[in-house]
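One structure is given here, and the rest of the page talks about it.
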Amino acid sequence: MANYFNTLSLRQQLDQIGRCRFMQRSEFSEGCDFLKGKKIVIVGCGAQGLNQGLNMRDSGLDVAYALRQAAIDEKRDSFQRASGNGFTVGTYKELIPSADLVYNLTPDKQHSSVVEAIMPLMKEGASLGYSHGFNIVEEGQQIRSDITVVMCAPKCPGTEVREEYKRGFGVPTLIAVHPENDPQQQGWDIAKALASATGGDRAGVLESSFVAEVKSDLMGEQTILCGMQQAAAVLGYEKMVADGIDPAYAGALIQFGLEAITEALKIGGVTNMMDRLSNPAKIKAFDLSEQLKDMLKPLFGKHQDDIISGEFSRTMMEDWANGDANLLKWREETGQTGFENAPEYNGKIDEQEFFDNGVFIVAMIKAGVELAFDVMVEAGILPESAYYESLHETPLISNTIARKRLYEMNVVISDTAEYGNYLFANAAIPLLADKLMPSIGTELIGKPFAAASNSVDNKTLVAVNKAIREHGVESVGDTLRGYMTDMKAIVEAV
C-alpha cells in the first residue's frame, strides 16, 4: 500500500491539510439519533475502545465488542474489560456481519491486519469508523467502495474521554469523512452522531479531513503534548536533585505541577498561566521561553517536515516490522530515569507553589505550545486544529502524568504517540541539558523565584503582556474556549 497523502497532487494535499471548520452547537441538535437503533460493533477494547464504548452506551447506543478468538479463549485484558463492563462480546465472524457500523479502535500498528480481516465480513453498505487516520493516510489502506469511512477523533487519551464525559463535559473532537468512501452521502451524519455520543459536541467539534487530523495529531503528540512534558520532567527533576532539592519534593513538584500549571492553561490559555506568576517571574519565564524557542525550533521543524513527507511513518513502521525494538528500548530507558523512580512525597504542596517554584516548567509549556502551534500553521494546518493539538490537549496529558508519572502517560497514549514522544524527547533532552540547564538554578525550579526587587519596568511588562496575549494561539484559543462553557476545574492541591 502506498502513502495516500503522497499520491495526491500538491493542490489536493493543500486542500486536505487545510480542512478545518468549527461546527456550531445547532448542528448537533439531534445528538446521536442517527445511530440509535443501529448495531455498532467496536473492534478492540483498549483505552479508546473501552472508554468511547462506555460513553456511547450511556448516550443510548447499541454497542458490542468484536475480539479475536484467541483474546476470548484466553480471557485476555480486552475480553475482561469488555465483558466486565457488561458488553456483549463475540468474535469477528459472530458480530461483524450484522453490524451497521464497525468502529476500529485497535492500536495503529494492528489496523492493516484488522481491516483486512473484517472487511470481507462487513455487509453491503456498512460503515467503518476510525479514531485516527493513520491507516488511511500513512498506510494507504484501500476500503471496499460500498463502505462509508468516517472518523471521530477525540483529542485526548481514552481515559480522559471517559472522565470528561462523567464530569458532564467532553473533549474537543475532530470528525471527518474519507473522500474516497462516502457512497451513500451519510458520512457526516454518522461522524456527527459519534461525536455527540462520545461527548465531543459539549467541548467543540471541528469538521476536518483524515489528512489534517493525522498530520496535526502526530505533530502535537510528538512535541508539546508528550515530548516536551517528558523532557521537562526528566530535566527538571535531575536539575533539582543535583542542586540539593529533596528528591521526593522534586518528584511531586513536577508530577503534580505539570497538571496544576496546565490546568491554568486549559481555563485561560497561556495568558492565564503566565498571570499566575509574579511580575518579575513572568518576565523571567517569558525570556526563558523565548530562549527555549530559539533552541528548539529546528527540532520542531524537523518533526513537522518528517510528518508531512511520511518519513516519520516510514521509520516507525520499520520499527513495527522489527518487533518494536526501538520503542521497547526507549520505554525501558524512560522507566530508569530519576523522575520515574523518585520517592513518594508525604507533604502538601499548595496549588500556587507549583507556579512559584516551577518557573522553568511554565516556560517549557509556553515555549512548547507556541512553537507547536506556529510550526503547524506554517505547514498549512489551520489555527483551530493547531490550537487543539498544541494547547487544549496538553492538560489532558498532564493529568495522566499526575496519576503515575511518565509510565501512565505512555501507557494510555497510542503506540504511535509513544514512539514519536521518545523520538522527540531523546533529541530535546541532551540538547537542553547541554545548552540550557547549566544556567538554570533553584530559583527557576525547586524554590520560589527570588528577584532582587518586586519592582519591574512598566514598558517591559507591557511589552511582555502584549506578546503573550497577541500570539496566534491566544487569539484562536479565546474564541474556542468560549464554546467550552461547561469546563470544570479538576486541580486544587496535593
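Backbone N, Cα and C define each Cβ position, glycine as well.
Annotated domain 'KARI N-terminal Rossmann' per Swiss-Prot: 14-208, in sequence order. Marked as NADP(+) binding site by Swiss-Prot on the basis of sequence analysis: Cys45, Gly46, Ala47, Gln48, Arg68, Arg76, Ser78, Asp108, Lys109, Gln110, Gly158. According to Swiss-Prot, the feature active site maps to His132, an assignment based on sequence analysis. If you look up Swiss-Prot, you'll see 209-344 marked as domain 'KARI C-terminal knotted 1'. Taken from Swiss-Prot, the feature Mg(2+) 2 binding site covers Asp217, Glu389, Glu393. Annotation source Swiss-Prot lists Mg(2+) 1 binding site at Asp217, Glu221. Here Swiss-Prot flags 345-487 as domain 'KARI C-terminal knotted 2', drawing on sequence analysis. The substrate binding site feature in Swiss-Prot is assigned to Ser414.
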10 Å Cα neighbourhood of Ala47 (NADP(+) binding site): matching recorded positions from His132, Asp217, Glu221, Glu389, Glu393, Ser414: Ser414
Recorded NADP(+) binding residues, Cys45, Gly46, Ala47, Gln48, Arg68, Arg76, Ser78, Asp108, Lys109, Gln110, Gly158 - maximal Cα separation rounded to whole Å: 21
Between Lys109 (NADP(+) binding site) and Glu221 (Mg(2+) 1 binding site), the C-alpha gap once rounded to whole angstrom: 17
Nonlocal neighbours by CB distance (under 8 Å) for Ser78 (NADP(+) binding site), same chain, sequence gap 6 or more: Gly44, Cys45, Gly46, Gly49, Tyr65, Leu67, Ala71
Per-residue pLDDT averaged over the domain 'KARI N-terminal Rossmann' (14-208), given as an integer: 96
Glu389 (Mg(2+) 2 binding site) and Ser414 (substrate binding site), distance between Cα atoms, whole Å: 15
By Cα-Cα distance, the member of recorded positions Arg68, His132, Gly158 nearest Asp217 (Mg(2+) 2 binding site): His132
Sequence-distant neighbours of Gly158 (NADP(+) binding site) in its chain (C-beta under 8 A, six or more apart): Gly46, Ala47, Gln48, Gly49, Leu50, Asn51, Gln52, Val412
Residues flanking the Mg(2+) 2 site, with Cβ no more than 8 Å from the Cβ centroid of Asp217, Glu389, Glu393 and excluding those residues themselves: Lys155, Ser216, Met219, Gly220, Glu221, Leu225, Tyr388, Ser390
Pairwise CA distance, Arg68 (NADP(+) binding site) versus Glu221 (Mg(2+) 1 binding site), rounded so that it is a whole Å: 29
Glu221 (Mg(2+) 1 binding site) and Glu393 (Mg(2+) 2 binding site), Cα-Cα, nearest whole angstrom: 9
Most Cβ neighbours inside 10 Å, all chains, among the binding-site residues Cys45, Ala47: Cys45
Fewest other Cβ within 10 angstroms of its own Cβ, chosen from the recorded positions Lys109, His132, Glu221, Glu389: Lys109
Secondary structure of His132 (active site) (DSSP, helix/strand/coil): coil
Composition by DSSP (helix, strand, coil) of residues within the domain 'KARI C-terminal knotted 2' (345-487): 102 helix, 0 strand, 41 coil
Rounded inter-Cα distance in Å - Glu221 (Mg(2+) 1 binding site), Glu389 (Mg(2+) 2 binding site): 7
